[in-house]
Amino acid sequence: MTKVTHEDIGKALSTDGKFFLPTPEQQDIIEASLDPALVVAGAGSGKTQTMMLRILWLIANEGIAPQQILGLTFTRKAAGELRERIETGLDGLRRAGLVVADEFDVPQVSTYNSYANSIYSQYALLVGRDPDAILLDEPGAFSLMRQVLLEHEDAQLRELEKPSIGHLSGVSLSIARGMREMRLDAATLQSRVDPVIERFELLPGRATIATNEIVARLRKLKLFAGIADRYEARKREVGVVEFSDQVATAAEILELDPSIAGELREQAQVVIFDEYQDTSVGQIRLLANLFKGHNVMAVGDPKQSIYGWRGASAANMKRFADDFCGARAGQRFELSVSWRNDQSILEAANHVAGKLPEARGAKELGPRKGAGQGTVEHAYDLTDGDEADRIAQWFKRLLVEDPEGKKRTAAVLVRARSHMGLIAKALAEADVPHQVLGLGGLFSTPEIVDLNSILRAAADEHAGSELIRILVGAQFEVGLADIVALHGIARAQSGRDSDGKRLSESRVQAERRDAKTEDRGVSLVDALDALRGSKPGYYRDWGISEVGEVRLREAAELLHEIRMRLTLPLVELVDFTIRRSRLDIETIANPSLAVGRANLEAYLDAVAAYTAANPAADVHEFLDWVERAEQDDKHTEVTEVTEKQGVVQLTTMHSAKGLEWDYVAIAQLSDKILPDAKGSSTWIPSDELPYELRDDHRDLPQFDWEHAESLDDIKLELKEDKTRVLPPPIGERPSFTAQKLQHQLDEDRRLAYVAVTRARTKLLLTGSRWRGRNSRPFVPSVFFHEMVGDITLECLPGSELYAQIDDAPVVFRIDQDAEDLKAINAALAVNPNDGGSYQVWPRPPMSSSRLQRLRGAGDRIAALLQAEDTDSHAYDRLIDLLLAERAQANEHAGLQLPQRFGASLLHDLLEDPVAIARQRRRPMPQEPFRATLLGNLFHSWVESLYTDVGGGGTMLEGADMDDEDRADGGLLAAGEADRARLEEFKQTFLASRFAMDGKRPSAVELAINSPLGEHTIIGKIDAVYVDEDTGDVEIVDWKTGRAPRTAQEREGRELQLMCYAHAYSAGFNVPLERIRATLYYVANNEEISVATMLSRAELIEKLAAAERKVVASTAP
């Protein structure tokens, strides 16, 4: 048989006589022997073309029949592309006379799941399964799990912290799938979990929140395992399966009857695995049972292993020889030339990927011959709004203003779908065509959030947050005072039965216990409906204004009409809601909301798709599904997408895998977003199996609980040390937290690498210091720094106050020391999204690096002044400045008290106003007290406990940040003594009346901005407790220092509380006499309450007296 050359194949495949020969790397792979082989193929390195040529080579030169070749990949799109290339190539070889084969003889190309399904369908009866079972899609699986949960009668389920059925369905589904993948049932899981619980309970030492949380989560895991068993049984009852069932059952079939594996091997003489790094433990188990020691070639890239949450692992590539080579010699090849990315983009990607474990000893991805230079632009903006506008203008220039733009493809990639809304809005306002991909992104758009809020308020009497959004929105514009009055009506309604008769106190308490939370007995929705049915003016005495009543009645009528139609088919109900709420008219009438109409239509399509899978679904079930899609980016990922020319597509980095665009913008490249250390100290995830229960646990962080001799050893395993650089010193084992932190960093590094390599020619990297109204700023991601070096904080004209120090732009450096960052954050601590115009003063002391830079500038100025040919105009200017300075010194300088000041300053201001005024005129740096750090850490911890409370409204803007996010910076600076002291404070607080029996504040860290005469008091109330029975309010201020020992010290603390009390009274229309103000000194577990409140007039007079003292001090 004459050998067919690469040139022969190239000519046969060419349509115009032009062709490219394979590179030497590709030739080695194409001509490789049939021994098991692993191909490490970098991003955009032509692996699909190489696999196709490998198959054609084997058919043409090795005499392998086309139908005896099996190719497996992940998505239908990828399978279709590979199949089309192979069939086109085979057709070319036939026409050229290079192969003799029937045109119907083609290789088998399938997805991994489809191949498992073929085994399942053919042999399912052997293991007692239904071969004709219906395959559940994601909505169908969610719906079935929801039914299982609604029928579940375990009281433990109702006592969970987040009893939302949508949330619980998502968590239960995730754990059930993990158990199926690992072939665990509830009994097996319990047998492995119980010894751990017993061990923890027997270990000596003092339990902490962290150790108690482990035991609590293990018990929850047992609860969810029982639910998983019921879910598996229900699937069998109704005759349905999921992909994970097909894979697991196929593996069971092969183990039961090994001869079936022999039959399948005979059908597939050669097997090629694509995207091998994304295969899960269950898939590897099935494939290894089938093809170990067979003619297998696996193609993948460990640097692109980004699906760890669904069981994939970069270690798959490392374990290939053990899983598939058997007694045969293995081969290893690499594809290291990128045919996609221009040079500068590739350089950026390699900077990020270079620190991955799999990069050691591997070839770096290089550019193709003749590759363009490409461009990598970057900017770090002051706010996320500025960032979104920058991205929109970048695409407008490239796609709209450039005549060639309509031929280009483009995308915005984000870590989470919650980051899309602002960018989509900016693109719409800039008239840039765009498309939001995936349900999660759609549900975060403003018009869809409004629509979901209306539907929830109509369907659920406890949807108070959604109702408030509707009422205060643009359609009704109900004022805060009217909302407060409506809440008062709700409180009154909660104490009456359906006939309006007052309930007994015992009945009220019983209903509240049944509702699980105090607020669930208070329904704003019911109160609004009661107002609708009342006579005009009936509730005016409750404080509802005349205009407010009109608007509230309009809103009530809207919800009533929708509520009367809840039994309609879902699509009809949603369509009616859109029209009745006039959302469709609003999106048409407002040009800046043009994209909103398309979003509403896409929402209707999503409703239709859900009801097609679940014909019996009602609005409650659909809204539960929406809740899951809103919260879980992973399960609403986009897998089948076609790039569109002239349109910016917005999607997540995970969903972008396998896609490519000409122009790409990667947004929100900030620390705590990418990378994100959230959950690094958590051993038991809330919605996944612990690592120890996974078959690949040896490749994952190890929690050494078995060798623990006390709870102190467990605490060391969970100890956070985010400054640790792995590996640790020789002989020292890293803690579990250190291992997991590094593991997550590597996972996020792979995700960043995938995102960057999606761009062909132009890449924009962006981030922002302030996101929303968060109280804590962000800094650029370490990945951002690795790609571009030092990063300057950008700001729009007029915003320099928030972005510059001493009129100089702030520069973030990759090697920036903690002290420098601390100084920047202290000097620029105000979020411009809050609309404030004040800054922290005095400025913190200069860091050594900044002082060195300024000294260098001073030396250069001195050198210029000493030069022989100095410009005489420079002397003139210097003389003018000196004369002005002398004149100013001779004038009598007036002193003034600050117009805005913190409540904690009031006592000092009244005690010595002249000193405060002088300090204001010439601020001097103040050395921070050591206790300040401990106090900040304690406040952050308490705040993190209650960031999901419902009564705080916009005062809980930090709720999307984890407690790790809040305290990281402080914990790094805290010593062991501070950490131990903090732990004591936590235990004392949890045992206090402020936290016992599930007591929760209605608001935490409540910002105040309250006028007091000619001045404004600013600050934050640590916690507000509202007695739902009496309406009385208690304001609490946490203190970690010692309690006051003198009357003067006590007076100072009480003045601060009085300011808070007056601010709350005015802002929430609560009489001052119903407000109690308390100082809680956690170190001593001691409370001090303000016995006598000064009136507002008395406080104003005290301030006026202080002003008079200042004026008198300046008199000549």
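Each Cβ is built from the backbone N, Cα and C atoms, and glycine gets one as well.
TrEMBL annotations: computationally assigned, not manually curated.
Other Cβ atoms within 10 Å of the Cβ of Ser45 (ATP binding site) number 26 in total over all chains. As annotated by TrEMBL, ATP binding site applies to Ala41, Gly42, Ala43, Gly44, Ser45, Gly46, Lys47, Thr48.
If you look up TrEMBL, you'll see 20-342 marked as domain 'UvrD-like helicase ATP-binding'.
According to TrEMBL, the feature domain 'UvrD-like helicase C-terminal' maps to 343-658.
Taken from TrEMBL, the feature region 'Disordered' applies to 494-515.
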Out of the binding-site residues Ala41, Ala43, the residue with the smallest number of other Cβ atoms within 10 Å is Ala43
Near ATP: residues not in Ala41, Gly42, Ala43, Gly44, Ser45, Gly46, Lys47, Thr48 with Cβ within 8 Å of the site Cβ centroid are Thr50, Asp301, Leu335, Ser338, Trp339, Arg340
Sequence-ordered list of residues in the chain of Lys47 (ATP binding site) that lie 6 or more positions away and have a Cβ within less than 8 Å of its Cβ, or none, is Val39, Ala41, Asp274, Val299, Leu335
Per DSSP (three-state), Ser45 (ATP binding site) is coil
Within 10 A of the CB of Gly44 (ATP binding site), the number of other CB atoms across every chain shown is 21
On average, residues of the domain 'UvrD-like helicase C-terminal' (343-658) score a pLDDT of 82
